[in-house]
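The annotation compositional bias 'Polar residues' is assigned in Swiss-Prot to 1-11, 23-43. Taken from Swiss-Prot, the feature transit peptide applies to 1-73. Annotation source Swiss-Prot lists region 'Disordered' at 1-43. What Swiss-Prot lists as transmembrane segment is 77-86, 104-113, 130-137, 155-164, 170-178, 220-228, 231-240, 242-250, 258-267, 270-279, 287-296, 317-326, and the listing cites sequence analysis. The topological domain 'Chloroplast intermembrane' feature in Swiss-Prot is assigned to 87-103, 138-154, 179-219, 297-316. Summarising the annotation, Swiss-Prot assigns topological domain 'Cytoplasmic' to 114-129, 165-169, 251-257, 280-286, 327-343.
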Amino acid sequence: MADPSSQNPNLATPPPPSSPSPTHQIQSGTSELSPPSRPPCSTLSFLKTANRPKLRVTSEFDSDSLLFLNKVSCKLFDNLAKLKLSFQNNSQREISQPQVSFTSKHVSVLYDVEEKNTFIKSTLDVHPRLQLRALHNVKAQQGEVAMEANLTEPGYSLELSSPVPIGYPRATLKFPLGEISLQEKDEEEEEKQKRTLSVNGILKRQVMNGVCTALYTDEELRLRYAYKDDALSFIPSISLPSNAASFAFKRRFSPSDKLSYWYNFDSNMWSAVYKRTYGKDYKLKAGYDSDVRLGWASLWVGDEAGKVKTTPMKMKVQFMLQVPQDDIKSSVLMFRVKKRWDI
């Protein structure tokens, strides 16, 4: 916000005093001239120069659900904290899901007005290599505490966490190639409760021109290889022991044209998407999904992946046409608009 004094010099400096007559100078002798009277400060200039936080108002409308998603936020204490109010309202102006949140570097508080519940998250760096974290659900009286220590080797850390008030602790070792977690859990076996050790982890490694990933969770292993260059991406994956396999294929024909295809060998389901961009702020997408037997096309005005504040007029618009394969007459045209105001 511009300072009013820079727009009108008369508000910044008082008018110069009128030159005294020679007679007055002789009579006053060595006495000082009285300072000029200060012009009265108007209420309007005071309001303009008041240091209030700037409000950011964002509203998004979805024609499919006929709902407005509204957010009002401002930064406090020289951008050290953020206060945000979010809520939804329908065409009858009925407000639902109101939430108020306060976020700072070390403490975050989210209050759900309808549920009358508060979620608290805190982070504290007690040492350059030691961090404490805590999560708490006030209504459920449940949470989690965690401690993460960075080891001497770069990229290595050890995290210990435990549910509150009861639960088995979990230990996670993080390293440059992935992470491994260990946690005890109870299993029922022949009407008896048995305690077992659960192992989850993920490993990533560069192989040739791609990345090989192994994800193990809940006694299921998923292997995935992602090859990517400037024009081609090929991503096969398989899950064990179910042997469910799939692959994704992406081909870039030019900087503005791209085709993506996905196929699942287990279910014979597939989907395809063609994308074309026109500059930075226009994107056309068309595709088909065999799982729901639906063809669709969408037009984005404004950067789809970017923030609304970087788009022209701080607004993004999406138009989408959905055409069911089994009933073309029931095709529907939808749109979504997102706009931001800085007050």
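Cβ from N, Cα, C; glycine included.
Proximity of distant same-chain residues to the transmembrane segment (317-326), defined by a Cβ-Cβ separation under 8 Å and at least 6 residues beyond the stretch ends, is recorded for 293-302, 304, 332-338. Nonlocal intrachain contacts for the transmembrane segment (287-296), taken as residues 6+ away from its ends with a CB within less than 8 angstroms of a stretch CB, comprise 267-274, 320-326. Counting only same-chain residues 6+ beyond the ends of the topological domain 'Cytoplasmic' (251-257), those with a CB under 8 A from a CB of the stretch are 230-233, 274-278.
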